[in-house]
Structure formats: C-alpha cells, structure tokens
Amino acid sequence: MWATGAIVCSPVFRILSTCCPIRRGVPTSNGYHPRPKHVDIGNGAVPILSSKPITVQPTNSDYYEPVNNGTLPLSSSGALIKQYGNIHFRVEYDFEQSKLSVTIVSASDLPAMDRNGMSDPYVKVYVLPERKQKFETRIIRNTLNPTYNETFQFSIPFNELHSKTLMLVVYDYDRLSKDDKMGQLSVPLESIDFGITTDIERPLQKPEKDDEKECRLGDICFSTRYRPATGTVTLTIMEARNLKKMDVGGSSDPYVKIYLHHGRKLLSKKKTSRKYKTLNPYYNESFQFKIEPHMIEKVHLIVSVWDYDKMSKNDFIGEVTLGSKHLNLPQITHACSEQWAEMMTSRRPVVQWHTLQERMEKEKKKDDD
C-alpha cells in the first residue's frame with residue numbers, strides 16, 4: 001500500500017530559500033538571467049558566474065566564458081594554458097575480456113567557476129553513441145589542477161571499437177544548482193592504438209550546451225534529514241524543474257515515488273500528490289522512513305518522477321538514487337553520495353538539486369499504480 005499524506009517541511013524558510021530562490025537579474029524572453037559579478041584583470045572585466053550561494057536558477061547559457069586577449073599565459077611548467085584547461089588520461093584494451101579501460105589521471109589549468117577563484121571539478125566518462133555506461137570521478141574541491149587516478153571499464157567487443165567515441169566532460173560541482181560544464185573532449189576510438197597502453201594529454205574544448213541531443217530529463221530538489229535517536233530519515237520532495245514533455249500537449253502530469261531498498265529487497269514505498277499540466281511542479285511534501293542505525297549505511301533510496309496517464313500506464317521520466325558511496329552502486333552519483341554523507345553528519349535538513357537519470361537497463365520496470 002502506498003503511504004498517503006504529507007508531513008509539513010521544517011524548517012521551511014531554509015529549504016525554500018535553496019530550492020525556490022528569489023529571481024533577481026535581467027528580464028528576458030526566457031525569464032531572468034543573473035547579473036554576473038565582474039573582476040577587473042587589467043584588460044577588461046571578466047564575468048564570474050557564481051552560484052554559491054544561489055540567488056537565481058541558471059539558464060543553459062550561463063556558462064563561464066574565459067576571455068582570451070590574444071596572448072595565452074604560461075603555466076608553472078612553461079606549457080600554454082588553454083582557455084578550457086587540459087586533461088590527462090590513459091586508455092588500454094583487454095582483448096581476453098573485451099574491456100576498454102579508461103583512467104582519468106588529472107586535469108590542469110581549469111577555468112575558475114567560483115567566487116574564490118577556484119572550482120570543484122569532476123569528470124564524466126562515457127562512450128558514444130549508446131551512453132549506456134556512464135561513470136564519474138570523485139569531486140575534488142577548491143582546485144584548478146585536480147588529480148584523480150581513477151579507472152573505469154566499458155564492455156565493448158573489439159570489432160566495435162572503431163565505431164565508438166570516448167567522451168570526457170569536466171564539470172564544476174554545485175550543491176545548490178545545476179553543475180556547470182567546464183570543458184570536454186571527444187576521442188574517436190579508431191584513432192587509438194590498442195596494442196599498447198596509450199597515455200594522452202590534450203586541451204579541453206568548449207563544452208556543448210545542453211539541448212535535445214543530451215536527452216535531459218529534468219532536475220529535482222529534495223532535502224534529507226537523519227535522526228539517529230529515533231532511527232528515522234525524513235525526505236522532503238520540494239520541487240522539480242524542466243521535466244521532459246510526456247504528453248501530446250507539450251506538458252506532463254508529474255508525481256514522485258520514493259522507494260527504500262536494502263539490496264534488491266523493497267522495504268517501503270511512498271509517493272507525492274500529482275501535479276497537472278506542468279513541467280515545473282512544486283510539492284513541499286515530506287515522508288519518513290524508519291531505518292535502524294545498523295542498517296543506515298546498507299540501504300538506499302530511489303527518488304523517481306513519473307507522468308500520470310488516466311487512459312494508459314504511467315510513464316517513467318527519470319530518477320536519482322541516494323545512498324552511501326560504500327554501496328558501490330553505479331547509479332549513485334557523487335552528488336547523491338555527498339548529500340547522504342552530509343546528512344549523516346548534520347542534524348539539519350540537507351537540501352540539494354539533482355539531475356534526473358535514465359534507469360539502468362536491468363532495472364527498468366512498469367509503474368505499479
């Protein structure tokens with residue numbers, strides 16, 4: 001049985017100020033664009049698009065654009081600093097297991113995305129055109145020269161490698177809004193000699209803007225709070241934005257379902273109310289899950305968004321999985337594991353936006369409403 005009702009969120013002001021920021025800035029046909037702060041570096045004013053703390057919700061055009069006055073400066077090693085930075089990675093292929101290994105070694109000379117002149121970079125790694133397997137490095141805070149040394153494996157038959165392209169996209173992590181792309185690199189695998197381990201360092205290119213090609217599903221904002229004394233986790237679904245259009249009229253009737261899992265075992269499930277004809281629903285509905293202290297690091301929560309259909313089965317839009325990084329579940333992003341970790345150390349609600357993801361192929365199933 002679905003649990004019904006919603007518990008009023010508290011404290012309300014703190015959460016609303018995060019998920020529902022006051023829009024201040026320049027009005028445009030698409031809404032409001034923030035007024036970026038400027039830093040004078042002697043050759044002109046460079047806009048610094050900061051989102052910590054956030055006062056507006058960023059648009060797709062709000063990317064950091066480094067200024068090049070025609071003379072690229074030198075790094076400490078004497079190498080030219082590229083305007084989007086550089087990335088160092090390693091590629092090798094295991095012919096016996098048909099596995100492609102990609103090691104993200106480091107990045108350097110990345111653009112500064114935060115007010116303090118630093119960034120919180122991480123790298124997404126995937127292979128085109130399928131995008132079935134996506135990996136992320138850990139987030140390294142307050143640096144423009146992160147070192148990762150993290151390896152990811154893709155199952156690809158050797159005779160298919162020539163038709164694949166390796167994509168590396170560097171992001172700046174932001175807890176209170178959508179993460180910003182800093183730079184990207186596409187590597188056609190047909191150009192790689194897989195007879196040896198290939199060590200590559202290349203400049204990053206200008207990142208592509210989010211568009212229909214990226215099949216964005218939308219974003220969701222929720223808060224989490226853990227009370228060890230009572231063994232309860234309170235999850236408050238605040239709102240969602242820019243959801244995928246599921247209905248003929250170009251809208252959706254979204255609602256949110258929350259599943260509590262221990263491994264593959266379903267322990268509890270709850271859902272929000274439905275919101276009709278909107279791609280930006282507001283909920284502010286809270287749910288409590290009873291979790292014993294010895295189980296808190298063994299369970300995970302799946303927050304999924306669905307489109308309600310009266311005449312047919314409901315359609316899945318997207319989901320995020322929240323849990324400890326020690327579970328080693330590939331669907332738990334670094335943003336989700338960081339929110340979980342902060343929830344475990346803070347006694348206040350932890351609020352964060354997340355980008356909705358596709359379900360992994362083996363986990364796809366129909367709605368059971």
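Quick reminder: no glycine exception, Cβ is built from N, Cα and C everywhere.
The domain 'C2 1' annotation in Swiss-Prot covers 83-204 and is backed by sequence analysis. Summarising the annotation, Swiss-Prot assigns Ca(2+) 1 binding site to Asp114, Asp120, Asp172, Asp174 and lists sequence analysis as the type of evidence. What Swiss-Prot lists as Ca(2+) 2 binding site is Asp114, Asp172, Asp174, Asp180. Annotation source Swiss-Prot lists Ca(2+) 3 binding site at Asp174, Ser177, Lys178, Asp180, citing sequence analysis. Summarising the annotation, Swiss-Prot assigns domain 'C2 2' to 216-354 and lists sequence analysis as the type of evidence. Annotated Ca(2+) 5 binding site per Swiss-Prot: Asp247, Asp307, Asp309, Asp315, in sequence order. Taken from Swiss-Prot, the feature Ca(2+) 4 binding site applies to Asp247, Asp253, Asp307, Asp309. Annotated Ca(2+) 6 binding site per Swiss-Prot: Asp309, Ser312, Lys313, Asp315, in sequence order.
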### Task
Measure the Cβ-based neighbour count of Asp180 (Ca(2+) 2 binding site), defined as the other Cβ atoms within 10 Å of its Cβ.
22
### Task
Tell me, in order along the sequence, which binding-site residues from Asp247, Asp253, Asp309, Ser312, Lys313, Asp315 have their CA within 10 Å of Asp174 (Ca(2+) 1 binding site).
none
#### Entry: the domain 'C2 2' (216-354), counted residue by residue under DSSP: helix, strand, coil
18 helix, 67 strand, 54 coil
### Task
For Asp247 (Ca(2+) 5 binding site) and Asp172 (Ca(2+) 1 binding site), determine the Cα separation and express it in whole Å.
33
### Message
Using the alpha carbons only, what distance in Å do you get between Asp120 (Ca(2+) 1 binding site) and Asp315 (Ca(2+) 5 binding site) once rounded?
### Response
35
### Query
In the domain 'C2 1' (83-204), how many residues does DSSP assign to helix, to strand and to coil?
9 helix, 62 strand, 51 coil
### Sorted by sequence, non-Asp247, Asp307, Asp309, Asp315 residues with Cβ within 8 Å of centre, Ca(2+) 5
Met246, Ser252, Asp253, Trp306, Tyr308, Ser312, Asn314
### Summary
Of the binding-site residues Asp172, Asp180, Asp253, the one whose Cα sits nearest to the Cα of Lys313 (Ca(2+) 6 binding site) is Asp253
### Query
Quick one: Cα separation, Asp253 (Ca(2+) 4 binding site) versus Asp172 (Ca(2+) 1 binding site), in Å?
32
### Task
Determine, using Cα-Cα distances only, which of these binding-site residues is closest to Asp172 (Ca(2+) 1 binding site): Lys178, Asp180, Asp315.
Asp180
### Task
Determine, to the nearest whole angstrom, how far the Cα atom of Ser177 (Ca(2+) 3 binding site) is from the Cα atom of Asp114 (Ca(2+) 1 binding site).
13
